[in-house]
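Beneath this line is the structure, given in structure tokens, with notes to follow.
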Amino acid sequence: IKYKSGQLDMEGALTARDRVGIQDFVLLDETTEAAFLTNLKKRFSKDLIYTYVGTLIVSVNPYKELDIYNKKQMDTYMGVNFFELPPHIYALADNAYHTMLTEFNNHFILISGESGAGKTEASKKILQYYAVSCPSTTLLNTVRDKMLMSNPVLEAFGNAKTLKNDNSSRFGKYMDIQFNSEGDAVGGHILNYLLEKSRVVHQNHGERNFHIFYQLVEGGADDLLRQLGLERDVQHYNYLTQGECAIVSSINDRNDWKTVKNALQVINFDEINTNHLFGIVASVLHLGNIQFDSDSKASIYTHLMLFSSQLLGVDAQSLQEGLTFRKIEARKDQVLTPFTIDHAIYARDALAKAIYGQTFTWLVNRINESMENKDPSRKTVIGLLDIYGFEVFYVNSFEQFCINYCNEKLQQLFIQLTLKAEQDEYEAENIEWEPVQFFNNKIICDLVEEKHRGIISILDEECLRPGDATDLTFLERLEDKMGNHPHFVTHKLADKMTRKTLERGDFRLLHYAGEVTYCVLMCQSKNAIVKECFSTMDPDSRKRPETVATHFKSSLLKLTEILMAKEAWYIRCLKSNESKQPGQFDEALIRHQVKYLGLMEHLRVRRAGFAYRRKFDVFLKRYKPLCPATWPHWRGEPADGVEVLVQHLGYLPHEYKMGRTKIFIRHPRTLYATEDAYEKCKHELATRLQAKYKGYRAKGEFKKQKEAATKIETCWRGVQARKEKEKRAWAVKVIKKFIKGYMTRGQAKTTDNSEYLAFVRQSYLNRLKEKLPKTVLDKTTWLTPPVVLQETSEILRKLHYRLMVRKYVRGITPQKKAQLQLKATASSIFKGQKDSYPQSVAQPFVDTRISKCHIYSCSLTVLCSVFLQYSVPVIKYDRNGFKPRPRQLILTQTAAYVIEEAKIKQRVLYTSLKGISVSNLTDDIIVFHITCEDPKQKGDLVMQCNHLFEFLTKLSVIAKKQNVIQIEIQAGKESAVDFTTGQEPMVYKAKNGHLMVVS
């Protein structure tokens, strides 16, 4: 359970009483059983399993895991006042511990309840709390480990599955935890009571024997089982199968075996003692399998006798004799009388129970030796008493009689100590004690334990009486001795109506918790020898041993003396339902337990007089806001402040009393009215407090931030000043070096100018990097170097240009390469020779100027057969009269063709082309000089071509006639071409009969 901050004190939870109930039953408006159960159910529905009755804790088993036992919860409850936090078993454990340290006295915690109510778990939680909360050293940790690890060992040998609980404690246990003056756990001691030895030989249907038998058979190593003569099958052993539930899903015997083995090592059991211990456990199993034959006398016919005697370390013959014969001593003579089969079985079972019982006692003693504190200095103790609660079954036998007698004594002690504590507190506070009416069960305790007249004394007398003592003779003695007792009824003594509910072998006791009917005690044990169960025995002694009932009575009286010397704390454990289901609240079952645990009696004792009491300072601290005179600070004595406060609240004189250190309030309703008033003003107070606190926090935060800002500014300014100083010192040094270097820059490299020269180099290279020429043609932008870098600069310049050229060349495509080659050829022919050449450089050359689809079709077929290389449109001038005629000029591999629309007008073989003339002006006139040896040739050819440079370059490459092109004018024999310049370019026949070309 994770408690919210608003629930962290008991009074604070009063405001939530409608939702989660009252945390202390003392504060109930009505002290009725119905109100008690309603409050318990309301809290249980919210998983609040703990509720107080004063300092007593009522614990309801939730049958599920709750997150309320972790380390964080332990830390929360350490050193906290009992009522400051919600009810918890840790609160009780912590307050018992700190009260012990403060007052240096002894305490005990009584844990009671039915089987399955959670007593053993409560005991474990208290031990775990002390293990965590107490101071820690290596020695102390060892002691704590032994105390904690004693639990699994005692549970293995003393717990069993019953119909109500899969891990039911079948013995009573009282453990003293010893503390020194510093609060360290330094030792421990265990007392055990009334081990249910009958379970060793008999189990009811649905129940098991003690856990250790199943753990040994299921978990023991094969070698160990072989040595003990056991088989790994619990069905093989009579003592383990009577309940017909040897295997239980909720119990893992193999894992529990490992835990027990480890625990035995922690509490210092050596291998020899461990083997002897398991040998005794195995011997009990073998005894249970021993069979007898013959009706008239018993004799053993099984080999198991040998195993049993070996494991017990006794003579096999003596063991067999003891199981089959009764020894009768008459003066000095001894007579052996054979047993019948029934008597032999009784003897076998009695031996098995006696062996197991004595082994359990020896085991407890060994654990005590392991935890014993050797330091003789005075110690204080906290005792843990984990014992059966009141039991009422359909058939109640000797065990229930002893258990209920124990609870009668504890109830008597409980009432005495509670009344005494209440009376002591009243006297200490000078409050008049008002007598409390309650049922005093001393009359019932006397009925059971009174000397010579009690039931136990009569039982002892009947056991010792010569002659045949039977169950009925014992019942007759009880009727004779107690016939008039108001709390004793038998079939013979009862009235007519009551007699119908009693068998003839029954008697009924009216306990403090209700009526219980017992069958005559020995009848249900199925073992006549159970009357005399020995704890120790002298073989030569003829004295009758103490009976179980007398021994238990003596032990209980000693326990009562121990507890009377200690301060008492109580935990009452309740089962929420019989089916062990989480979330189920069986009101009938809870009512039954509330009655048998005497919780209403305890509540009435605590509610007698005043229901609520608190120290003055605690009461004033909580409720002072309700009175202007006490808020916010009361400067006087707390008692005076409380008096002023209650007067302001209007308390009537009979509603409260002022003690020496505490205020006593009679009725819960008075407290609730005060609490409701406090709740109303709390919100306004909270608002004002929050405003004040926020203002205080904001002002403090502002001051802190202002101081921090001032400090940061100071530090920052100092840092900046130091940086500036360093920077200036560095700058002065650098400038001085720079000036010296500049002054000696023309000298050889020295210490003074080396850095300057390096700076100059670096500076030049950085500037050069930013201003490198971008193209190969850029010959002017290279930075002028300083003197020291002239040679280096020249090398870099050449490298850079070579790099640009290399990049340019690698980026040229085959098409562009061919273009450049043509341009280079044109340059070699025309550069500086013809005025219009520079304008043509940027114009690209194309493969042809006339596409095939535009070449005259009449000549295309002929020309394709001689590989067409280039075509261009031209204007041809007749030699006679210079009449212009549009033509197409086509170049092939061998000749140039002049084509008209219908036919080829002229073919000029490259071999007959002796020269080509152009002017040095900007005109486009071309003259082919053709040899006249061939009669078919018509003489020189005069043409005008708009793509003069492209045409002549292509022609010079195809015809390989670069050298025949002349940039000049030569007169012919028959006609002439005159070249001149003018306003507009034109070509016409001049008056002198020449061809005039105006550029």
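The backbone N, Cα and C atoms fix where each Cβ goes, glycine too.
Features reported for this protein in TrEMBL:
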type: DOMAIN; residues: 20-679; note: domain 'Myosin motor'
type: BINDING; residues: G113, E114, S115, G116, A117, G118, K119, T120; note: ATP binding site
type: REGION; residues: 556-578; note: region 'Actin-binding'
type: DOMAIN; residues: 817-999; note: domain 'TH1'
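In terms of DSSP helix, strand and coil, the region 'Actin-binding' (556-578) has 9 helix, 9 strand, 5 coil. Cβ neighbour count for T120 (ATP binding site): 22 (other Cβ atoms within 10 Å of its Cβ, all protein chains included). Within the chain, the region 'Actin-binding' (556-578) has long-range Cβ neighbours (under 8 A, six or more residues past its boundaries) at 40, 44, 55-63, 89, 92, 95-96, 99-100, 105-114, 116-119, 122, 164, 174, 191, 193, 381, 383, 385, 389, 405-406, 409, 413-414, 417-418, 421, 449, 584-586, 589-590, 593-594, 597, 599, 602. Per-residue confidence over the domain 'TH1' (817-999) averages 80 (mean pLDDT, predicted model). For K119 (ATP binding site), the count of additional Cβ atoms within 10 Å of its Cβ stands at 27 [all protein chains shown]. For the binding-site residues given as G113, G116, G118, the lowest number of other CB atoms within 10 Å of the residue's CB is seen at G116. The number of other CB atoms found within 10 A of the CB of E114 (ATP binding site), across every protein chain shown, is 25. Just so you know, the Cβ of A117 (ATP binding site) picks up 24 other Cβ atoms within 10 Å once every protein chain is counted.
A simple way to gauge crowding: the CB of S115 (ATP binding site) has 18 other CB atoms within 10 angstroms, across all the protein chains here.
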